[in-house]
Amino acid sequence: MKLAIVNGLVCDPVAETLTPGGVWIAEGKIVATGSPPPDFTPQRELDARGGVIAPGLIDLSVCLREPGFEAKGTIASETRAAAAGGVTTVCALPETQPVADTPAVIELIRERAEHAARARVVPVGALTCGLGGERLSEMHALGEAGCRAVGNAGRPLANPLVWRRALEYAATYGLTVFVRPQDPWLAAGGCAHEGEVATRLGLPGIPASAETVAVAQILALVADSGARVHFSCLSTARAAAMIGAAATDGLPVSCDVAAHQLHLTEQALEGFDASVHLAPPLRTLADRDGLRRALAEGTVTAVCSDHRPHEEDAKLDVFAATEPGAAGLETLLPLVLALVDEGVLTLPRALARLTMGPAGVLGLEGGRLQPGAPADVIVIDTEARWPIDADHWYSRGRNTPFWGQTLKGKVRYTLVDGRIVHPG
Amino acid sequence: MSCVLQLDAGGRLRHFLTVEGLGRDWLERIMDTAESFESVAVQKVKKVPLLRGKTVVNLFFETSTRTRTTFELAAKRLSADVLNINVAVSATAKGESLLDTIRNLEAMGVDMFVVRHAESGAAHFIARHVAPHVSVINAGDGRHAHPTQAMLDMFTIRRHKRDFSRLTVAIVGDILHSRVARSQIHALNTLGAREVRVVAPRTLLPVAVERLGVRVCHDLDAGLEDADVVIMLRLQKERMQGALLPSEREFFRCFGLTAARLRRARPDCLVMHPGPINRGVEIASEVADCSRSVILEQVGHGIAIRMAVMALTLGAVQG
């Protein structure tokens, strides 16, 4: 199949440029960008007029919910949502039932993803058996089954010695370790940022130090173990600064932030709205602005959705009793594009944080448009406004703080390996 | 947000979930209405027919004999039919969701839920989901609010002090876990108290508590200096296990109210406590039982205040 995407602005996240032109695709690979290659007759042409042609987005933090929690979402439903959101690669977190701690579960996820054929799924294996935090998982086998990374999904490890050994063992097999930093003792019982709003609402707090203490501990262990660590879903500006300083000192560390953390603050808790019951919790305005700065400066190299779809009942209870998390695959792109409108990032840099940045964390092939690379490409109407409602939503989880709002920036086409997976 | 939920489009008090955000006029109206109900307690027949034909459900997810009893008495004195449901040992223990419990009771023709729950925001959640004719009164949710307790405290203070703008009020003890303290702070600030102080060790103070409009003291003597009212809070024994305090003995030594300490306050300083009191932990018996203590008066005022709030939210009296 020969395909041409023409008349758009082609985004190069490496050079951070937008250039009028197109992308030409044959046999699932990019053949040329900018100008058409000689003697290329496309079987189909996609008009990108008024839109931006960009690499497919790579999302480092996605719960697909299958196997085990199909009421919340399935690999088919959530990869469909990914395609609608322009996400061509999702890192599937190991919080499944059974936990993704054996090659069998990893293979099941990969097979179902291939069958659904909407997005690439890169499974993250469990760092410890059953995410129990005590016994190491068979990381070599997980690596052979296709995991590039392992993590404990924010669940605590028994003690720092287990952390050290887990990092050392993962490093042996070249696996990146995903860490959601939160000290379990400092966070125990909390459901909101320990600050002014939680004090007023009487919600048990999670202090910012729950994150920074965990980051400090892991950074010390990275120095000992040499493991490559990616900190996921930061919520505090201080943690981003600590990781930035460690990276400058030469430690092999990186970090990302969830898109909602770049917009919402603890103020959103007013009225006990369960849709903003998130983990980590929404922090202060100073944290939000600090994370935005870290993103613009490149300390934070990726934005993820931290996609956590839930069934309706999971959010239909008293705030603290509800399950934390938001469905975010379909709002990821518009929330990052909103940062462009707010002057935080240029458009190419914003797209770099959704493509090249996350690709770099795992050494993935995608994330840029270059001849010879797999044709994971999206066309974005950056000015299109669309309502976040049931008519425009694909995820099984409708648990988003942005439900009912109108956001700007819509995906017109999503291609994976040169196949059009959205719309259609 | 709370006001959006509490007041209807016509500005009528539909639910009573928190003191926060309610204007001074509302707080005074509640106290004035309570004043008018006080005589009911001394009538030969302690009843008025204002809520005749209405059904009030005391829905307690947390045990509380005193609060439940005063709500029950208040509803009965207004001639309502009252149902007491201790949810901890009924529906939700069998796996029914909170919302299903509410909907089942609503289907039985309930007009008002009085809700006590261990989680902050529970009354808000229920208020958001009840039918338009049903009112919700918060009888204490988590650490968030206990608005009728705060109002009965304000009623007691007003009875003795009249002018809030001259008052310095010290609230002493476990502010961190206290829904009562939060509601008292909002009420006192709305009513224009000159100064509200919170007195506690750092472990029992929530972060940014000063943003609620209080002065923070870690020393009881300084906190009591020239105070017109001192409100002691109940201390739970589990605070010792949670490494928040070393011992009850040390707490009493540092923050217990004794007669000697009370001399720092103004000579006519009121001593208050939402009860039940721990003698020798928060307060010495000689102070709890002294002439300046209005602790038992508070209990009596609780019935009038709860009658007022019930009558106002169900539209039985003009708000």
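Residue numbers in this text run from 1 along the chain shown.
Just so it is clear, glycine is given a Cβ too, placed from its N, Cα and C backbone atoms.
Carbamoyl phosphate binding, as stated in TrEMBL, involves B:Arg66, B:Thr67, B:His146, B:Gln149, B:Gly275, B:Pro276; the candidate among B:Arg116, B:Arg239, B:Arg249 given for that site is B:Arg116.
Within 8 Å of the centroid of the Cβ atoms of B:Arg66, B:Thr67, B:Arg116, B:His146, B:Gln149, B:Gly275, B:Pro276, where the record puts carbamoyl phosphate, the same chain has further Cβ atoms from B:Ser64, B:Thr70, B:Ala139, B:Gly140, B:Val180, B:Pro274. Proximity to chain A, taken as a Cβ less than 8 Å from one of its Cβ atoms, holds for none of the binding-site residues B:Thr67, B:Arg116, B:His146, B:Gln149, B:Arg234.
Of all the binding-site residues listed here (B:Arg66, B:Arg116, B:Arg234), the one with the fewest other CB atoms within 10 A of its own CB is B:Arg66. If you count neighbouring Cβ atoms within 10 Å for each of the binding-site residues B:Thr67, B:Gln149, the highest count belongs to B:Gln149. Cα proximity to B:Arg234 (L-aspartate binding site) (within 10 Å) is found for the following binding-site residues from B:Arg66, B:Thr67, B:Arg116, B:His146, B:Gly275, B:Pro276: B:Gly275, B:Pro276. Counting residues of the domain 'Aspartate/ornithine carbamoyltransferase carbamoyl-P binding' (B:14-158) by DSSP class, helix then strand then coil, yields 69 helix, 27 strand, 49 coil. For the binding-site residues given as B:Gly275, B:Pro276, the lowest number of other CB atoms within 10 Å of the residue's CB is seen at B:Pro276.
In this structure, the CA atom of B:Arg116 (carbamoyl phosphate binding site) is 11 Å away from the CA atom of B:Arg179 (L-aspartate binding site).
Look at the Cβ of each of the binding-site residues B:His146, B:Arg179 and count the other Cβ atoms within 10 Å; the largest number goes with B:His146.
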